[in-house]
Structure formats: C-alpha cells, structure tokens
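Features of the protein shown, as given by TrEMBL:
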- 1-23: signal peptide (SIGNAL)
- 39-124: domain 'Ig-like' (DOMAIN)
- 131-215: domain 'Ig-like' (DOMAIN)
- 234-259: transmembrane segment (TRANSMEM)
C-alpha cells in the first residue's frame, strides 16, 4: 500500500522521536558564565533526553590543557571539595568561587542503556577579581616647563584593570582638547598602562592627583598626592654661581701667596741646608739621628 506524503512525514517524525529517546542529549543555558570572586555560580548541565534511569555523571576541570576531576563517583573532588554541590540532575554549583576557578569545565554523562550512550558539554567559566589599591607615583615638585611622569599600577584585578587619573577630584580626560579646563595642557594619558606624562608642566597643572583602577568586578583608588609647580629663579642661580666662583678664586689666590712666603716649606728642606763642620786634626765627629747634634770621638794616631 502506497503511503501518502502526510503519512511519510508522520512516520519520519515518529522514527526521530524513537531514536532521540534512545540517546543521551545534553544542553546548557550559558556556555560562558562569569562570576565575581567569592560569589556563587551555576554551571548548568541539563539532560534533555535519556532513557537510562541511573546514568553516570562526571565533571572535569580543564586548565592549561590538563583535565582533573571535580565530581566523580557522586562525590565533589579536587579543587572544589567542600566548595561545590550537584543540583539534580547534573548542574554543578560552585558556592565560593575564587580566581583559581577560572577554567573550562566539562560535563560528561554516560547512559549504558541508550543507543547513543555518551554526551558531553563544555562550559568556560570566568571569575572576575576586583582590583586592589593601586601603587601611585606622583612627583612632589616640578619646575615650570619641565617634563613630569605620573605612574599607577595594580596586578591583582581580573580582567586587567583600566586606569583613570584625577586632579583635585576631577577626572582628567584622555584627550585634553575635549575639556575647557585641560585644553592648554600638554599631557598624554595611557589608560591601559596607567601613565600620565606631561611634556611641559604649567602652573595650572599643580594640585592633588590620585588614580583609580577599574574593571568589570569593581574599582580601587590610591590616596591623593600633591604635585607642586614652581618657577625657576634664574637670577638666584646666576648669583649662586658667581659666589661660588669668587670663593674658589679667593682660596686659590690665598694658597699662592702663602706658598710664595714660604709657609709651605718643609722641615726636611730646612734640615738639608745645614753643613757639617770641618774635622780638626785627630778629632772625629759622629752625627746622630737628631739633626745638628754631634758627639766627640777621640782618635789616636800612632
């Protein structure tokens, strides 16, 4: 008996339903979840189709390409021990996520009584970490017209922090031309590296500076630091140089005059000018270690 087109469609649908009931099929509501550090997160693994009444469920954590069990033989294991649980039938709930939990997680279900007896699903978890208080470096004083660099850095936040600089509690824009208050400033702000560089500071650049490190998990700030901008006293510098040169000249002249007057003649030179007296007949004189001291020595001529 020939089948009508409608009968063929119904037959195909019934066969597909029959096959699906003999296959384990998994799905998830979120393949790339994220969570802030120390909060809880669900890694959903839902069994959409299965005929085996007691399937084997396993969870593996994959980090740096190396898998390790976190749920095996109906027990939480490994890195998640005492920090996770299974919500029926196969969803993994991490109760207190830490930055070390950022990894890929694989849900595996084995159903021996199904025609397609195995299925798995991969979930990538990101644990976001709030930045810590950044380390800020602000010069205390800079002369007008000279360059200056301000630095800000923290390395705990995840994802990587973006940096903002503030002067007197007002945010410094990345482009100074976009703000009337900073229009004449000559600086370069790098929000990725946390640097604020002035090519030539002005008196108006003086003030209290602080930095904010921000990412999706929150932000932290360093305390304000004062940067003073002062004028260079050219006249004072010239006067100082003149005074130093004058003092050095006076010292040189004094040393030269003292040398000419013999104040630097050594005692050894004076001692060498003494002449030994001539010897008399039959008498010898012996010179001792002390200059000018002679001892009489008798000699007998046979």
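Note: Cβ is positioned from N, Cα and C throughout, glycine not excepted.
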Per DSSP, what is the residue tally for the domain 'Ig-like' (39-124) in helix, strand and coil?
6 helix, 48 strand, 32 coil
Composition by DSSP (helix, strand, coil) of residues within the domain 'Ig-like' (131-215):
9 helix, 38 strand, 38 coil
